[in-house]
Every structure is written in C-alpha cells, then in structure tokens.
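Chemist: As annotated in TrEMBL:
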TRANSMEM  B:44-68  transmembrane segment
TRANSMEM  B:80-109  transmembrane segment
TRANSMEM  B:121-150  transmembrane segment
TRANSMEM  B:170-193  transmembrane segment
TRANSMEM  B:228-247  transmembrane segment
TRANSMEM  B:267-287  transmembrane segment
TRANSMEM  B:308-329  transmembrane segment
TRANSMEM  B:349-367  transmembrane segment
TRANSMEM  B:374-395  transmembrane segment
TRANSMEM  B:415-439  transmembrane segment
Amino acid sequence: MSTQEKEWGLITEFKSSADIYHAAEQLRDSGFKKFECYTPFPIHGMDDAMGLKATKLPWLILACGLTGLATATGLQIITNMDLYPMIIGGKPNGAGSIVAFLPVMFELSVLFSAFGAVFGMIGINGLPKFYNPVFKHEAFKKVTDDGFFVVVSVDDPKYNTQKTTEFLEKIGGKDVTVIND
Amino acid sequence: MIDMTLDPNADNPAQRTPLVQGGMDFKDVSHAVCDISERKTPKIWFLCLAAALGGLGLLKTSILYLIWEGTGIWGLNNPTYWGWAIVNFVFWVGIGHAGTLISAILFLLRQDWRTGVNRFAEAMTLMAVACAGVFPGIHIGRVWAAYWLFPIPNQMTLWPNFHSPLLWDVFAVSTYATVSLLFWYVGLIPDVATMRDRAKTKYRKIAYGILALGWTGANKHWQRYEKAYAILAALATPLVLSVHTIVSFDFTVSNLPGWHTTIFPPYFVAGAVFSGFAMVITLMTVVRHIYKLENLITIRHLENMCKIILLTGTLVGYAYAMEFFIAWYSGVEFESYAFINRAFGQYGWAYFIMIGCNVISPQFFWFKWCRTNVVFMFIISIFVNIGMWFERFVITMTLNNDFLPSSWDYYAPTIWDISTFVGSFGLFFTLLLLFLRFLPIVAISEVKNCMPEADPHHGDNH
C-alpha cells in the first residue's frame, strides 16, 4: 500500500536567537500568518516578533482555582456543619467556624489552579503528540540543543513552495527543505 | 576558575560574574548535563545505590514491625505522645522547602542564578516530601485506617473534622507534594526532549520520548509553557509558606505552654528554608564535584545559598530569643517554666546542640572566605542539618514535664525509633540516586535562556 505524501510546509534553519527573531519579524511584516519558530528555549520578545496574541490560559487557571475554592467551602460546610456537626475542644460550629476552614480552602484553590495550569498548558498545546511532521527532518534533532528552525505551513495564504523558499533564503534561512506529512 | 575582577553582586549585570563559566555554548551546556546519564554507569553509583537500598530495607522492616506490634515499640510514654515520628515529619517537610523556594520565589524575583540549582533542589523537595509522608502515615497507630484522614464518609456518615490542624496538614502536605511534582515535571519537559533527541538506544528513545510528550520547542508552546510556569511559581510561593505554617499549627493550635505561640508560623517557615538550603548545599557540593558541574553550578550559586542560610539562621536565632522573652514578658509561670526547663532541664544538652548548630554556625557566613570555600560550607551545612533536626526534637520533647508533676517522665528513643529515622534516609537517597542517573539534573533550557547569547538583542547597541 502506498501512502500519499502531502506537502506540509517548508523548514529552514537559523544560526542564532537574534537571527530567528529578526526572521520572525520579517515574516510577520510580509504578511505570513501560519509559521512557527522552534527554539531550544523561549526567546524574549518572540511573541511580538511573530505577532502572537496573549494566551487565554490564565483565565482557565482562574476558573480552576475558583472551582477549588467552591469545592473546599462546600465540602467543609456540608460535612462539618450539616451532615455531622462535631463540637471538639469547644470549637464552635456555625458562621464562626469558617475561619477554621480557611486552610483547606486555600490549599484546594491552589491545587485546582495548579492542575489547570499544567493540564491546561499541555492540553492547549495539543500534547502529548508523539507524531509530528517536523520530526522527519533529520537536522531538527538540534532544536532541543542549539538549533533555531522556522516552519512555514502550507496552510498559510501566502504559501508558494517556490516563492516562499526564495523569501526564506533571502532573510537568512539555511537549507530550506520541503517537509511532507 | 572564577574571574575575581567581576563582582557577583554588581548592580550592572554586565559586570557580574557570568552564571555559566568556562566559555560554554548552548551545545556544551546540553552535553555537560545529558552526558551524566548517557555515559556508562559508574561502579560507585551501584555501591551507593546498594547502601541506599539497604536503608530502604531497614525502613520497610521497621514499618512492618510497627504495624505488627503497634506504636508501643517506640519510646512514647505518658507526657510524650508525639515522639520521633513528628520530629522526623517536620524535619523532612522542612528540607523540602528550599526546592520550592528556589524554583518559585526566586523565579518571581527574577534571580537568574536559580537556574543552575533549581532542578536538583526541586527533586530534593519531592524526595524529602516522600520521606515526610511516611511518618504521619505510620504514627497514627492503626495504619490500615489511614484513609480516615481523607474526606470519605464511613458507615456512620462520620466525616473528618475540618477544624483540626492535623487534617489541614493532610491537605497542605498532599497539595504541596502534588504541586511540587507538577512544577518539577513541567520544568523537565523541554529538557527530557533534549535527552530524547540525543538518545542513541531504543529504550532511551522510547522512555524519554514518552516523558517529553512530543515537545518540539514551538514558540506557541513556549508562550503557554512560560505562562503556566510563571503562574505555577506564583501559586507555589504562598503554598510553600502555607505548608510549614500549617505544620506549625499542629503545635500552636494546642494549649500547651511552649507551643501556643503566634511566632510559630514564621519561625517554622524560616527554619524550613534554613534546613532546606543546608541540605541543598550538602548534596550540591558533592554532586557538583562528582559530575564536574563547576561551570554550571558556580561558586556564585553556592555563595548566594550561603547568604540565604545566614539570613534564615539569624531569623531562627531571633525566634529562639523571642520565645524566651515572651515567656518572661507574659508572666505565665507555666510558659516560663517550659522554657527554663527547655534550656536547663533534662534536655538541656539537646537545646545547646540546637543553639550551637543553628544560631552560631551560620554566623561564619558573614565572612567571604567561609561563603566561598566549598569544604567549609559543606561542614557548616551538616551542622545545620543536625541542628534543625534537634530543633524539632527540642520543641517536641521538652514538654515531658507538663502541668502535672505526676505525669513527668523522660523520653528516650528505642532502637525502632532510630531504625525508622535512619531508614528514611535510605528512601531519600534511593530516589536521589535514581534521579541523578536518569534525569537531567540541571535545568538545561533555563540555563541556556539566562546566557547572554540567548537574548535576541545580544550584541545590538541599544
């Protein structure tokens, strides 16, 4: 059975974080929308250089934190004030005992927020994803070491294999290669 | 080698000692860290692991005998219901604090030097919390009923008492362990991806490939990653303060003289940071020497940690003095008696070990020579570790003379107290050795990010 190979994008390598930063600016200014920069570490200011909007992740984390707070408050009020009120060591039950519930309310807010931050980040990033067309590019192994790569996707409205290759070479990209999916 | 013409504390960052020395570039950083687990396992590692597993076996044996026989095998007696179990618990939880402090608070404060040491310190946190978790689990007596601590209703619809500080501990410590684990793992993802891309053998490729979740280093991913990391740090900062605060509530919410004080939460937090940093120094000086990481974990890193030890050690000394002052100033005779008994009673020897190790020994770090001499700081850090264990011992044991002279007694540990404590080091070192062997012990991508050539404007004149 032969597999139909489909063109996925163009990959090119840059020498340093400064080069890839300026390349991203030029891609953004020339109207490219669907390109991605792959770097071994986050580069300061890259989001602006690529024209990315801020992530909505903090709102998700806030929602998770509030869920945690509500869970802790509900759990303690229902179990200790309603289902089985216990008076131990003269500690009151009723509105006054809310103070004793604060530690658990704080802890669960933090716990749920942390779940939101980690699983939210992993989920929005579409991870875990063990197959990615970029992994087919042999030189791409360097990306987690000292490689700086730009990929322009075929989905980009300005994409044209010939012209985009020339553009990438003009802005300093080395070894522009077509990646198939 | 350190260039002494540069000042580690200069206001202008360009004049500071660089964090990465020896002229390393990005490739050298990845290599220096990844090579540790890629080269052939040294024989000494197997020897250390065998010793650590021996300790772990001792812990298991002690726990099994405890479950079989009951807490009577410990030296607990009438006024001393809390023996070494609580001492060891607070000791281990405290050790963990340096990791979260380095990774969270120093991250928020933009202290770039943290990147060399944070991975190791965070791993140490997890291992210490694992050791801590053992003790409350086993000291409840009926271990098989430990699940009663969790909010699960039993057949009488009886729920745990949320007014109890011991239950707050359950939530605080389990949240702390979980958040520390998540924080550590998030930091690991890009570095594990580095190890995946360098892997030569099939098993390494599969194992690191799964752990790295298919990380590519795409900037969109980095954007969310950095946001998640920053928010986790902001969440972990109050969390690390809350954990030891809540641990101190176990003591302070009681009505016993010597325990019922408002200074306990900040005093416990300072002590925890103090002991945690001491443990980081103890382990880091050795690991850095064995694995030749002097260029990544420089004297500047160690010196900064010594300064934190000096600060927190002095805070702890202040707390000791303030406890005495308040005991006298309050005019409560039981309170005064508790403290006079603490210093000059049956446990006076332990009290003075504590003062010597915790108050006096860190004061050497006022001197630059002491802060920059690796052997010296290693020795002091051992003293601090011992002193901080004795601090918890002193707090717990000196209540052996409580309100009624008829119930006064002297607590002495049995062989099982000792074997459980020694065994817990076996658990700690087993986990530590596995970490050193299989995971990147320095945060590779974070170190690279702090190198000058990582800045896209490096070399620009603006």
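Cβ coordinates come from backbone N, Cα and C, glycine included.
TrEMBL annotations: computationally assigned, not manually curated.
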Chemist: So, do the transmembrane segment (B:80-109) and the transmembrane segment (B:170-193) meet, by the test of 3 or more Cβ pairs under 8 Å (sequence gap 6 or more)?
Modeler: yes
Chemist: What residues in the same chain, six or more past the boundaries of the transmembrane segment (B:349-367), come closer than 8 Å to it by Cβ-Cβ distance?
Modeler: 271, 274, 306-307, 309-310, 313-314, 316-317, 320, 342-343, 376-377, 380, 383-384, 386-388, 390-391, 393-394, 397-398
Chemist: Using Cβ atoms only, state whether the transmembrane segment (B:415-439) and the transmembrane segment (B:228-247) have three or more pairs under 8 Å that are 6 or more apart in sequence.
Modeler: no
Chemist: Do any residues, 6 or more residues outside the transmembrane segment (B:228-247), come within under 8 Å Cβ-to-Cβ of it, and if so which ones?
Modeler: 89-90, 93-94, 97, 100-101, 103-105, 107-108, 165, 168-169, 172-173, 175-176, 179-180, 182-183, 186-187, 265-266, 268-269, 271-272
Chemist: Between B:44-68, B:170-193, B:267-287, B:374-395, who has the most Cβ pairs under 8 Å to the transmembrane segment (B:121-150)?
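Modeler: Between the stretches B:44-68, B:170-193, B:267-287, B:374-395, B:170-193 has the largest tally.
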Chemist: Let me spell it out: take the transmembrane segment (B:374-395), skip the flanking residues so only those 6+ beyond its ends count, and list any with a Cβ under 8 Å from a Cβ in it.
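Modeler: Those are 84, 86-87, 90-91, 94, 251, 258-259, 271, 274-275, 278-279, 281-282, 285-286, 289, 299, 302, 306, 309, 313, 316, 342, 347, 350-351, 353-354, 356-358, 361-362, 364-365, in sequence order.
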